[in-house]
């Protein structure tokens, strides 16, 4: 693994499988009376959030605390950033405080890359979402959820998602989740199809390792997992579709559409959901919807990432040969 | 971890290992007065296989099912910062839990004692056993902590230049204990 996690493309297949396997062991800690490991004692993780986020920040905070790291939360609101401090000066401040890792969420695409490659800080940089670019830990927790549901909790150890058909539906244009997912799922051997109105498909999508379709109903029966993206009203300053009603009729997932999906297929949503828009309450509350599971899996996955980046003298390298099966 | 296998010579073969495990199983029953509340926890990788074998033998002796699990100690090691982060192995605690029970930790080689120190810390986060005992196939000496084994397959006096390597059929295709001489290069664990 590289020293930082900026893009899902930074991960090789073996890196990604190692993270998912590690997350599976981390998930077991949540079942214990003492949900804490001493592994990152004395290390400092800074959550540097320039953009609003509840679940990602809480998830990273819970992950770092379960590994006994010291956590410093830094949000741009009410900090020196609102007085005009630059990213560089903020970074130098964090470095002076001895941050071993910086988890950064920023409204500008590329801010984590800048932070990691500028020489301002020595610690590991973890991208927790930058603009409309990437959100690699979300892609990892999504892949973890898929592997658990589609391959199996124990059977999945050491395996990727080869041959699984994943459909990502909705506002791909503004979605960092979609981009990271396409890259990671492709690395893991899955076949990805994006479904969106033409106005919400990004320019240059033909270079992405995936198919693109405009017709949800034709793709659904061939999907092992359908990931509904949130329609990001806050990023939409132009008319991308005529009305919300028309969008939800053509690209929303309701009970009838879900019934046409294969029997064991799952419905995913990175949250927060707009019920009635991209997903109906009936689907959101069904057993096939993994939205709540994804939140729980997020903590385990982020524990795995923090452990593998910070737990040793240097980031983990996947074993040259496959890990021994320990399942019985 | 690889030792020069051409130089390594076997000091224990499969029948020796089988006899030792049988003896340890009887010792556990004797010391635990019937082994009613025993839980065996193997330390990955090879300790887990040894724990399962011990459990089979204990079931034959007592006629009762014997809870057996595994305890990964990676996250509790004291040398984590000295090497790259490493992959985790499975921790599996049998359904009965460990509270109030006699936990017997099982490992292949007892050397510095640091692995067992980590295992004791890990146990503390999982529950509160009535007592903890330690069974090892080979005790090669050179302890760096005040830790000793309760059940030992074989005491094998070694020098620090030597390496002890346990191979088990489940992982390596055969049962044997190899004694070799360390390459002058990097230090192996245990």
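Cβ coordinates are placed from backbone N, Cα and C, and glycine is handled just like the others.
Caution: TrEMBL annotation is automatic and unverified by curators.
The structure displayed is predicted, hence computed values, not measured ones.
Taken from TrEMBL, the feature carbamoyl phosphate binding site covers A:55, A:56, A:105, A:135, A:138, A:271, A:272. Counting every protein chain shown, 29 other Cβ atoms lie within 10 Å of the Cβ of residue A:138 (carbamoyl phosphate binding site).
Residue A:230 (L-aspartate binding site) carries neither a helix nor a strand DSSP state and counts as coil. Annotated L-aspartate binding site per TrEMBL: A:83, A:176, A:230, in sequence order.
The domain 'Aspartate/ornithine carbamoyltransferase carbamoyl-P binding' feature in TrEMBL is assigned to A:4-147. Here the domain 'Aspartate/ornithine carbamoyltransferase carbamoyl-P binding' (A:4-147) has a mean pLDDT of 92 out of 100.
What TrEMBL records for A:163-309 is domain 'Aspartate/ornithine carbamoyltransferase Asp/Orn-binding'.
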Residue A:271 (carbamoyl phosphate binding site) and residue A:230 (L-aspartate binding site), distance between Cα atoms, whole Å: 7
Among A:55, A:83, A:135, A:176, A:230 [binding-site residues], residue with fewest other Cβ within 10 Å: A:83
Residue A:176 (L-aspartate binding site) and residue A:135 (carbamoyl phosphate binding site), Cα-Cα, nearest whole angstrom: 6
Cα-Cα distance maximum in Å, computed over every pair in A:83, A:176, A:230 that the record assigns to L-aspartate: 32
Among A:271, A:272, the most crowded of the binding-site residues [Cβ within 10 Å]: A:271
